[in-house]
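Visitor: Before I ask anything, let me first share the structure, which is written out below as structure tokens.
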Amino acid sequence: MRIVVKIGTSTLAHSGGRLNIRRVELLCKILSDLKNAGHALVLVTSGAIGMGVGKLGLPGRPQDMPGKQAAAAVGQCELMYFYDKLFSEYHHTVAQILLTAEDVRDPRRSAHLHDTLERLLSYGALPIVNENDAVATDEIGIETTIGENDTLSAIVAQLVGADLLILLSDIDGLYTADPHKNPDARLIPVVEAVTDKLRALAGGAGSALASGGMATKLKAAEIACGAGMDMVITNGQKPELLYDLFDGKAVGTRFLGRRPAL
Ligand code: GLU
């Protein structure tokens, strides 16, 4: 299978922005194993800004644009440094791809991006994608950012014609209510279609350093499922669940891809 895995900041880093070494080591080991089993993987990773905050010892995520971009420039190096180090232990070669919204919107640039990703996969490399936060900015009339990696991962999954998109989150999946606030909240194992009712269930952004939330995950599901693939939200704090997923067990929330009518 061709699989895109989106790794969120809350999976990679402790709340202060420093790398969660134990979890990331396990995650890279399992992802290496999935590659060894014959799956083609593309990672979409967040964490540049969060890790930059940790490495620079800032008191929190900067609010202004130059602060975020500077943190991202520092953190992106840190991210690739440890991905390279950990995947190299299992003899996998990583490749960094940094994108802005223009790169995926412009048909010519998007075609080049597609070709590069295809070539990397044919070389057996592991493309690791993030938004180019050090240069992408949102200004009135000039939107160069995608803004969050849930959507970016779905765009990348569509671009490479993936069979499955996996979003590693800080929660087990989509719930009937916010499980942090409501003890009666139940996990929804399968979603056949993203409806207005579901959108109403999805609250705002998640943790202090991350920028996504359930709303952006539903947006990702619409793109991915619209392109015909399934999307699974599972808990990145339990990377071993990926093995269960590939053993065919029910894990997290699975959004069913739209199949062409017979
Ligand atoms: N591109 C951002 C970063 O690497 C994260 C965006 C997101 O978490 O969705 O820090």
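Using the three backbone atoms N, Cα and C, a Cβ is placed for every residue, glycine included.
Please treat TrEMBL annotations as automatic predictions, because they have not gone through curation.
Annotated domain 'Aspartate/glutamate/uridylate kinase' per TrEMBL: 1-235, in sequence order. Annotation source TrEMBL lists ATP binding site at Lys6, Ser169, Asp170, Ser211, Gly212, Gly213, Met214, Ala215, Thr216, Lys217. Taken from TrEMBL, the feature substrate binding site covers Ser46, Asp133, Asn149.
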Visitor: Anything within 10 Å of Ser46 (substrate binding site)? Look among the binding-site residues Lys6, Asp170, Met214, Thr216, comparing CA atoms, and list what you find.
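Guide: Those close enough are Lys6.
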Visitor: Measuring Cα to Cα, how many Å separate Asp133 (substrate binding site) from Lys6 (ATP binding site)?
Guide: 16
Visitor: Using a 10 Å cut-off on Cβ-Cβ distances across all protein chains shown, tell me which of the binding-site residues (Asp133, Asp170) has the largest neighbour count.
Guide: Asp133
Visitor: So, three-state DSSP: helix, strand or coil for Asn149 (substrate binding site)?
Guide: helix
Visitor: Which of the three DSSP states, helix, strand or coil, fits Ser46 (substrate binding site)?
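Guide: In three-state terms, Ser46 (substrate binding site) counts as coil.
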Visitor: List, in sequence order, the same-chain residues at least six positions removed whose CB sits under 8 Å from that of Thr216 (ATP binding site)?
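Guide: For Thr216 (ATP binding site), the qualifying residues are Glu148, Asp150, Thr151.
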Visitor: Between Asn149 (substrate binding site) and Met214 (ATP binding site), how many Å separate their Cα atoms?
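Guide: With distance taken Cα to Cα, Met214 (ATP binding site) is 12 Å from Asn149 (substrate binding site).
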Visitor: Within 10 angstroms of the C-beta of Lys6 (ATP binding site), what count of other C-beta atoms is obtained when all protein chains are considered?
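Guide: Around the Cβ of Lys6 (ATP binding site), 30 other Cβ atoms lie within 10 Å.
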